[in-house]
Every structure is written in C-alpha cells, then in structure tokens.
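Among the features that Swiss-Prot reports, GTP binding site is placed at 33-40, 60-64, 79-82, 146-149, 177-179. The Mg(2+) binding site feature in Swiss-Prot is assigned to S40, T62. Summarising the annotation, Swiss-Prot assigns domain 'EngB-type G' to 25-197 and lists sequence analysis as the type of evidence.
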Amino acid sequence: MVRRITLNSNFMFGASDIKSLPNESAPEIAFAGRSNVGKSSLINLLINSKKAARVSSKPGCTRQINFYSMYNDKFRLVDLPGYGCSHASKDETIQYLGLVEYYLIHRRNLRRVFVLIDSKVRLKEIDKDFIYWLTYNNINFDVVLTKIDKVDRENLDAIIESTRKWINNESVSIRQISVRVKYEMTKVRDEFFKFTR
C-alpha cells in the first residue's frame, strides 16, 4: 500500500535565463532526463498533485527550469528541461542547455540530481553523456528508472544490473518507479526527503 502524504506545495515560477533564477535560501532537488521521460509526472506524484507540473504527451514541453516550493519554501523541487528534444530549434537548445549547465554547476543549494531513465529503452548515449558530465563536474546524482510497468520483472532486473554495472559507482542509488502503479513510491519519497534536511 502506498503511503499518502499531503504536501504543502506550490509552483514558484519558471526561470528562462540565469538572471531569473530564484535565491538560494532553500535546499533543492533537481529532476533531469530525456524529453518525455516522465519528470513532470513524477513531480506531480511526489507532491500528490495532478496539475502542479505540466505533463505533455509531446517531447520537449519544458523549455525552462521550473521551481516548486514545498512547505513554505522549506525546500524545492526543480524540473529541468529535457535533453535531446527533437522539436527544439538549435538556438533554443543552446539557450536552455546553457541555463541547465549553469544551474547544475553553480547552484550552491542543490542537494541532489535525480536522473530519470525510461526503462523501456534503457540507457541511451545521450543519458550516458549526461551522466559522464555530472560525474566530471562532481555533481551528486541518483538514477530513477521510470515506466517499469511496461517491462517484465526479468527484463527489469537485467536493466537494473546493466545500469549499475555501467555507472560503476556504489554511491549512486538506482530507484524504480511507475507513475501508473505507484510502485516503490514510498522508497522514492524517503530518498527524496533525505536530501532536504
């Protein structure tokens, strides 16, 4: 049974450039991943809201960094633009990737990055490039496998093992979630809250 949690949360605003980033007064947890991997859906599930984060059936809906304030800004959830968006122009891609890189490198109150991977397609080269980049820049991250309801248990175990072997870092946790069946949500929430203390 999934534990129900009522969260005091609200959308702060979306930052489309460095100057519009909010102050660093509260700890932040960021969610990253390829376009349409399920970041917005996961955020909605974490805070028990169907509408807090905009969910799109088309890749690349999020073109800015969206901030969600929790418990009167005790901490924040951060929805990063999806990388690998085929619908974005070259100029748009350069602009929002530059913003994301700046945020991840310079944000002093960033506690953890959760990298979402679609378990149906496993690690893509663009995911590996992003994880390499995080590692090179000494940015702490964990991996969250999404859409696990679309993969049978045997294949899921193989995906977890291959992902763990490729990352080869014991400090990186690999979580499994399905927004549809809310699998492992209690554990994901516990991991989420741990970094906001």
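Using N, Cα and C of the backbone, Cβ positions are placed for all residues, glycine too.
This view paints the features noted in Swiss-Prot onto the structure.
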residue: G33; record: GTP binding site; DSSP (3 states): strand
residue: K39; record: GTP binding site; DSSP (3 states): helix
residue: Q64; record: GTP binding site; DSSP (3 states): coil
residue: P81; record: GTP binding site; DSSP (3 states): coil
residue: K147; record: GTP binding site; DSSP (3 states): coil
residue: I177; record: GTP binding site; DSSP (3 states): coil
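Looking at P81 (GTP binding site) and S40 (Mg(2+) binding site), their Cα atoms lie 10 Å from each other. In this structure, Q64 is the one among the binding-site residues G33, K39, Q64, P81, I177 with the smallest number of other Cβ atoms inside 10 Å of its Cβ.
When Cβ atoms from all protein chains are considered, those within 10 Å of S40 (Mg(2+) binding site) total 21, not counting its own.
The Cβ neighbour count for K147 (GTP binding site), using a 10 Å radius over every protein chain in view, is 20. A gap of 13 Å separates the Cα atoms of I177 (GTP binding site) and S40 (Mg(2+) binding site). S40 (Mg(2+) binding site) sits 13 Å from K147 (GTP binding site), taking the C-alpha atoms as the reference points.
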